[in-house]
Amino acid sequence: MSALTPLLTASELFPRGVLPYLLGGLLVGLGAAVIYLATGIIAGASTFLESTLSYVSDVPRFNRFKYVRSRGWRLVFTAGIVSGAAVWGLVLAPDPGIWTTDVQWWRLLGGGFLVGVGTRLGKGCTSGHGVCGTGSLSNTSLVNVATFLTVAIGTAQLVQALGVSP
Amino acid sequence: MTGNDRSPLFLPVIYLGGLIFGFGLAISGMARPEVVLDFLQFDDLGLLFVMGGAAVVTGITFTVATRYLGDAPLTGREYTRRLKDFDRNVVIGGAIFGVGWGLSGICPGAAYASFGVGNYPILYAVAGMFLGAYAQGYWRARQSNDADAADATSG
């Protein structure tokens, strides 16, 4: 009985198992590691937003040297992310094909807006701070991750409690 | 780094890294907002293994590179940690990001990957992120102009 309890608990906490998560995480880290080892660049996904805005906006903030200089490779990095996901989702997955979300459009748009504001103000996102920052034990990143994780859990629980689904 | 001292392999390797990164995001399920929301609602804690697995790999890579390797082969850059400064905005920005992530289940890298699995409704989130990044940049540019003006009048 006492030996079974942890197993039952584990399957409740991980209804889809842990393997795809662990494998996916290791590959996400590997992608960042390949770029870092070859170029010395710490890859974050959210600076793409600002650097790409420099193509279409005159606002000086988006046209600072570091954004204009990096906007080319950031487009290539993002194209890589899109196509890498496509290779899995459309070709190699057990059930290949287009998948679409049921999360309502206003949640995506409003949430996306806040993600855009917050990652830029907070200097990074789940890849810059969450993967690369925590990997290098940066205090700034650890504080940022602890903050966004806590607030996101609170927000998601609140939205669920209000009966919004999906 | 002007572009002249970059190896011709620079962009192909960036693309390859992005490809592996996006492939991993798709396998892990993070490209699906539902999976992220399940995690935040404590229905499926698998995402801990995504973040943890990724951070272990980057952690080992950063440690080995900064201690034992010289310069990056394709750019000549030194392997440094390049830590970001801590200020109030790290916490405020993190909190705003948290509300957005909790509401939508989407963060930047995962959103691009989600588009890759054919999830076209995610363009609402991508559009939102660009609008948010624009609003943030526009607002802070104005704010710093105001601060400059205040400095000029007071100084």
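Every residue gets a Cβ built from N, Cα and C, even glycine.
A TrEMBL annotation is a machine prediction, not a hand-curated record.
If you look up TrEMBL, you'll see B:9-27 (among others) marked as transmembrane segment. Using a Cβ-Cβ cut-off under 8 Å and counting only residues 6 or more beyond its ends in the same chain, the transmembrane segment (B:9-27) has close neighbours at 54, 74-75, 109-110, 112-113, 116-117.
Residues or ranges marked as transmembrane segment in TrEMBL: B:47-69 (among others). When Cβ-Cβ distances below 8 Å are used as the criterion, the transmembrane segment (B:47-69) is approached by residues 24, 28-30, 35-36, 39, 79-81 of the same chain, each at least six residues removed from its ends.
Taken from TrEMBL, the feature transmembrane segment covers B:90-115 (among others). Same-chain residues lying 6 or more positions outside the transmembrane segment (B:90-115) and placing a CB less than 8 Å from one of its CB atoms are 21-22, 25-26, 30-37, 40, 84, 122-123, 125-126, 128-129, 132.
Beyond the transmembrane segment (B:121-139), the same-chain residues lying 6 or more positions past its ends with a Cβ under 8 Å from any Cβ of the stretch are 33, 100, 104, 106, 108, 111-112, 114-115. Annotated transmembrane segment per TrEMBL: B:121-139 (among others), in sequence order.
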